[in-house]
Amino acid sequence: MDTSNNDLGRPTPEEANDAAENTASRRLGAVQPPETSSELTVAERQINILRDKLRHIDRQLAAATQNNSKLVSMLETAKAEILRLKGALEQEGQPPYSFGTVVQINPRKQPAAGSSGQAATEESVDIFNAGRKMRVGVSPLVNLNQLAVGQEVLLNEALLVVAGLGYERAGELVTLKEMLGRDRALVVGRADEERVVRLSGALQSVHLKVGDALSLDSRTGYALEKVPRAEVENLVLEEVPDITYQDIGGLGPQIEQIRDAVELPFLHPDLYREHGLKAPKGILLYGPPGCGKTLIAKAVANSLAARAAERAGNTDLKSYFLNIKGPELLDKYVGETERHIRLIFSRAREKASDGSPVVVFFDEMDSLFRTRGTGVSSDVETTIVPQLLSEIDGVERLDNVIVIGASNREDMIDPAILRPGRLDVKVKIQRPDAEAAADIFAKYITTDLPFHAQDLAEYGGDVQATVDAMVQRTVEAMYSTEKSNEYLEVTYANGDTEMLYFKDFNSGAVVQNVVDRAKKYAIKDLLTNQQKGLRIDHLLRAVVDEFREHEDMPNTTNPDDWARISGKKGERITYIRTIVQGKAGQEPGKSIETTANTGQYL
């Protein structure tokens, strides 16, 4: 029974009903029969009065209950606000936490004879805090096994470790020079300053190599993490692209020569050992630009991977292709270029240690390894060349690593690099002749391209016959010796003259550009004239436009150097005259001045 109404001095509904019934009974009992109608009327009136009082009491009770609920809600809200304010006051009065770095973890020990007390036996950690080294206790809520050296911890006002945090994410960048055991290392910082540092717990589980960049907290002397540097990432080994010898056109003899030199040692190592032969350490690919030197280098790496996987019976064996562009290695600081070269071969040896073949490809080799003593403004080659020589045939062996160099000025490379035993195989990548050009065209003009209906109808709807005819007519136009294809007239030092045609400066890159240009013409015809498909006329027009773009390219100031880069070797050239049929064909040629020596630079 709810007694809340008794607190207000009011009867409950049950009590009111009982009182009304008792009153009616007494009054009815007091009436002596015979009953009269007037007495009954009085009794009914009194009952109604009592009922009205009961309803009034019920309304008062409902109002009191509602007021009581509101009061309870207000009290609960006030209690929550009081608790919030109390917590805020406690937090404002709480002293700040401090940070420390773990130097050493001291688990609980059994007291030994002569020990100095609990400081040497209880669980504790040695930390750096505000430049001081201290031994502090650990809260029972903190698991000591989850802490590691170099890690940051949170300390309360009593300098008790109450929480373990992560590692500092900022610091000084240093270079690893030497490992000193498992937990220490010798590093080189700014101004070549060397110092011994400790390795953090997270860093002790990482495989570190000489030359790695580390983040150092100089306040505590801890190396915290390994940092990938941009200059190092540029030298990261790349997996070989999916390029095979079948993707290269017009270089059959050169590819066969390279396969004999590179693949035979992998296919028949027993025969090589029996005959006392060693695999070549390097290959030099030289020739004019755009003739496929880089493609061949990638195909060599792909082929080596396939042969190595076949020999090892492991189809998952990968090969790696490290593409190094000569100018990327040059650095204005003394010794940095040599360090980059050491890093390249260190990474190559690391990857090759598991049997994976690694190809180190130096593009534009003449820009980096020039003949010593030929520098005009510097002598950096006097230290760069010996560094490469020591890496190729030094004390450390290069197993499963082959060096491939590419250059269009092989006459500028230091002779010590070109001697047998270093770059053993030298392959000249010549400009394609008509047959080789047709082979290259066939790589780009394939039967899955859309061809014009008239061209297909001319050859009976045979797609392959249409492709063959397109290739044949385009090659004939490119290699024609008609007057319209005359390009240059060169005069040699002995007075002889020679007429050079566009075919003398053709390359695989030019062939690809001609096909791409023809495809763009086909797309433009489709958009403007609604005529879909590649036509022979597109290819012939592309040949003419491609040649005209090169009419101003010959360097008439230093024609001999320009001719050497373009692949024209032999007698020194003293005079060049452009013979292009067009706007530049009427311009007179220019002779060079021979009074000053400009060196090897153009």
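A Cβ is built for glycine as well, from the same backbone N, Cα and C atoms used for every other residue.
Taking Swiss-Prot as the reference, the stretch among 35-91, 206-262, 320-376 described by the feature coiled coil is residues 35-91. C291 (ATP binding site) is surrounded by 28 other CB atoms, counting those within 10 A of its CB over all protein chains shown. The residues near the ATP site, meaning same-chain residues not in G290, C291, G292, K293, T294, L295 whose C-beta sits within 8 angstroms of the mean position of the site's C-beta atoms, are L285, G287, P289, I296, A406, I429, S507, G508, A509, in sequence order.
Burial estimate for the binding-site residues (G290, G292): highest at G292, by number of other CB atoms within 10 Å.
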